[in-house]
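Below is one structure; the comments refer to it alone.
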């Protein structure tokens, strides 16, 4: 049995070690009702669905799966602006504490139940209690069915992001029976344009059957529709080249192959890359130097974002030192000149701050961040900063990173500028554990102004001022913003949405 | 034979318990707070607390261990922390995919490796023997993932004879199933074929040089009976290799499944690792160890049957 022991231990070790680190043709036709022309759509998504229960699902890569089965109250456009779906229109009260929505009355769940205001309230209550979906409803006091096709959302305080989060994927409506039975995770029942087909193989390939007479049938001219999760980029491209897919989550290799294959490529900003400072006030012994704005500014001047986009990002991405997605509300182009790369300025600022010989710092490191490790070491070396990397795995990285004064960060961004203010600047998150705003009264004051400003241009102007302040104060050392890429055959186009790692079916259009 | 079998069974159970326990505590040491990874970067403290309460990580680790062990003994591997589906059910859906690739690989290896090994062993130092030996060296040196990539680029992407990605259930279409596992199975099997051929060749040559073979020949036994005797005496080493191959191929399948996007245990293991889905990882580990124990148990029984001397060792 010695062999068995050795083999079992080796196999188990391999499994534990890994712990430390999913075809169709494109024939055209007509839909079941004999109406609009339809096209086969086979999507290669990067990840499997998290859960068919919208309360347990992620927003990230779940878009195509969930949007096939469920109708949302709201969706978002490419700019992250809420758009009507089951909610036809809405109104925000003067005190910003009540949102009243008018609902469609022609939607029906696949089990035959009708959609109405009571069902909407039941769904929203379900989502508010959901482990993952509750993030969107932190400021909700209650949901109310005003009449059969009207609901009111009562807030404990003004919330400028709730409609955005609902549009991103937090307002899917579920059939009452399935909610009550608690069976959504296994058997999803929505009022969406498709139902989950029997031929689906969980984790491998999901087939969807088109619902005849769906209220928005024209927006979903895909039949048959399949979504295949597969996280291997090479396999995804092989499937695309082999004709099994006609839309995939792509990469630089796919972008390079696109012209020869007549593929469409669309890219959208998704994450910022740089150094996150978790001790901006120098509260810890190791983080003491970062309490001096000159040190933080030096770390902004020292890194050449464009060079990193060209080398590590293979030319894909945007060099900037802001956390607001480039060319969206809140982003100020002129701010990119504040910390133009200059090692001389960086060294001078460090010397001015009393760190001419640098300082010692320990930072965490995990495999996903290793592409930037060498350049951090090299740049810090030039500045005399002696860095010790503590190796960890990705799972642990999120837990341990806040314990260090700074760390290499790849952080998801939002299209909604108020959401950016909340998530990146004002509220504690794992990647911003100590916002330290209390030590920056001017920034705190501006955050308050942003949250109370009239939504629209006035608020955007205040957000830009806030962005200017945090950039001047070197709240982050942002090197660049990276993109997500979607590659499709020439029959389809995709509109990326910042905040959604893979768009929903509503963002996929048939060409022509 | 009964004592021998009971001893093997008992040691298998002890091994399973030890590996399961070690894996449990290793996993918890590696991922002390899984809620952040499970919920993603936008997790609020409230959501983290709600998830911790739902999955039970707010309890002491020892209590969690005792609960998990008690449930596992009853065949309940718990619920995935990522999608809240039963772990056993999900592994049950993925395991047939991995097993079909591995078993077809083993069959290919045993058949082709056996035939090549016997031919080369019976005709040592002839051209065919030299081809087998040279092929063994070359094919064994090639990385499995590279072979898989060459196969997929040639036969799937360029020639379009086979699908580049995906798996077809045999219940859906037998030809489709065969098509979907041909390239993955060949990728996995190539190394194993040459290893078995080489092993069998050497064992046959060695057995053929023994005194009892000369005695058998001197009695004028027909050729086929000589071969049967040779095979019986050469088989144990090859069977051992084949059993170890099975274990090795289970691990190798992780890479091949990734390249061919097969929904087997490999991608499930990787995604569970990335998500910090500890119950799923534990379930996969336990099932894998059970396979390892069972295969080795069967091997011991088989070897004991083929060669009675093995039982008293």
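Backbone N, Cα and C define each Cβ position, glycine as well.
Heads up, TrEMBL stuff is auto-annotated, nobody curated it.
Worth saying up front: this structure is predicted, and the values here are computed from it rather than measured.
Which of B:134-157, B:206-229 counts as transmembrane segment depends on TrEMBL, and there it is B:134-157. When Cβ distances are compared across the two stretches, the transmembrane segment (B:177-197) makes contact with the transmembrane segment (B:97-122), since 3 or more pairs at least 6 residues apart fall below 8 angstroms.
Contact between the transmembrane segment (B:97-122) and the transmembrane segment (B:280-306) is not supported: fewer than 3 Cβ pairs lie under 8 Å, counting only residues 6 or more apart in sequence.
The list of residues near the transmembrane segment (B:280-306) in space but at least 6 beyond its ends in sequence, with Cβ under 8 angstroms from a Cβ of it, reads 1, 4-5, 8-9, 12, 15-16, 19-20, 23-24, 27, 68, 72, 77-78, 80-82, 87-88, 90-91, 95, 232, 235-236, 239-240, 243, 246-247, 250, 265, 268-269, 272-273.
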